[in-house]
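The next block holds one structure in the form of structure tokens; read it before the comments.
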Amino acid sequence: MNALVATNRNFKLAARLLGLDSKLEKSLLIPFREIKVECTIPKDDGTLASYVGFRVQHDNARGPMKGGIRYHPEVDPDEVNALAQLMTWKTAVANIPYGGAKGGIGCNPGDLSISELERLTRVFTQKIHDLVGVHTDVPAPDMGTNAQTMAWILDEYSKFHGYSPAVVTGKPIDLGGSLGRDAATGRGVLFGTEALLNEYGKSIAGQRFVIQGFGNVGSWAAQLISEQGGKIVAVSDITGAIKNSKGINISNLLKHVKETRGVKGFSGADSIDPDSILVEDCDILVPAALGGVINRDNAKDVKAKFIIEAANHPTDPEADEILAKKGVVILPDIYANSGGVTVSYFEWVQNIQGFMWDEERVNAELKTYMTKGFKDVKEMCNTHNCDLRMGAFTLGVNRVARATVLRGWEA
């Protein structure tokens, strides 16, 4: 099931639980604006190349729209729509004053030189500069983009509008980026997991974790969880999968990954079939890679008691039902991985104030938001007698619906 179908399904279930009227429900689903632009650049060899850039701005009832920009060859309009909508609910669950957006350029960043990427980013910014802005739509990095991409956007945007560091987040520290942003999603995963385990009278220490995906989110989550005494028994990434039932030494693994660009061949663990990572024996499974990885084919074999969705949409709705029957508790993506967008909000706040925080403050504020967020989700679960995913969706949808009605926008 693709991301858009699943997101719409969750939205409709939440709208039904909340008793929203059908006109309001319909207007909440329709994107505010979809932008598509042609970006033509000279390549290094002098030939011209054209790429399609786009931005879906889903909702701005609660504040400026917020969401990543990805550079990827298969940019599927349905997926981008789903991700923009997901950002609307995610920012509402986190209770930060944003709506949702998503965008990018259909290109393969690996095939482009640094100077070609810079030209492409600047042309894209020239095309959309009057449709984004500090109080309109604030982009951030996503797949295939990074802090350098944000620096180019900031510079190009500032040529038209004056120096505006708050127009993008995820910037380099030297240009107004926030301390703690790099680890934020992984740290949010830690705080969310702590809040969930707390409900069951457990703590991170002594729990056995399996982490699928060892990019930014997976590696930070692994590091922070092991610092809290969690035992990481298996890890995988695109190069392969490794297992050590006594627990993997994460600081040694991080060194190995830095040297060899992957977990494969790490001496402190045995190599296993990457397809078996999700069904390894553990207490807590953390999918931190791609969407749709837990599906009806493998859900019945999942041995974890808790699943923490660090990736976007890792569990298919069919798998949700199978896992619910088994009594597996799922901490949903729109709450579990909201640490990144929350610290992006802190970055934007610091830029607007022109006053930067130290890292301790960033992390302490993040913990406050994640802990309160879990309490709010749990309250919705109790009110509507539903699981955590529906608790989070009803919380997010309800906040956006209330803002929409208060602003006099309902149809």
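Cβ from N, Cα, C; glycine included.
Automatic prediction, not curation, is the source of TrEMBL annotations.
Annotated substrate binding site per TrEMBL: Lys66, Lys90, Ser344, in sequence order. Sequence annotations record features per position, and here TrEMBL assigns active site, proton donor to Lys102. According to TrEMBL, the site 'Important for catalysis' annotation covers Asp142. The annotation NAD(+) binding site is assigned in TrEMBL to Thr185, Asn216.
Feature annotations (TrEMBL) mapped to structure.
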residue: Lys66; record: substrate binding site; contacts (Cβ under 8 Å, 6+ apart): Met87, Thr91, Tyr98, Gly99, Gly100, Ala101, Asp137, Val138, Ala140, Thr169, Val341, Ser344, Tyr345
residue: Lys90; record: substrate binding site; contacts (Cβ under 8 Å, 6+ apart): Gly100, Asp333, Ile334, Tyr335, Ser338, Val341, Gly396
residue: Lys102; record: active site, proton donor; contacts (Cβ under 8 Å, 6+ apart): Arg55, Val56, His58, Gly67, Gly68, Arg70, Val80, Asn81, Leu83, Ala84, Met87, Asp142
residue: Thr185; record: NAD(+) binding site; contacts (Cβ under 8 Å, 6+ apart): Asn216, Val217, Trp220, Ala310, Asn337, Gly339, Gly340
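A Cβ within 8 Å of the Cβ centre of Lys66, Lys90, Ser344, the residues given for substrate, is found for these other residues of the same chain: Gly67, Met87, Thr91, Ala94, Ile96, Tyr98, Gly100, Ala140, Ser338, Gly340, Val341, Thr342, Tyr345.
Other Cβ atoms within 10 Å of the Cβ of Ser344 (substrate binding site), summed over all protein chains shown, number 29. Using a 10 Å Cβ-Cβ cutoff, Asn216 (NAD(+) binding site) registers 17 neighbours.
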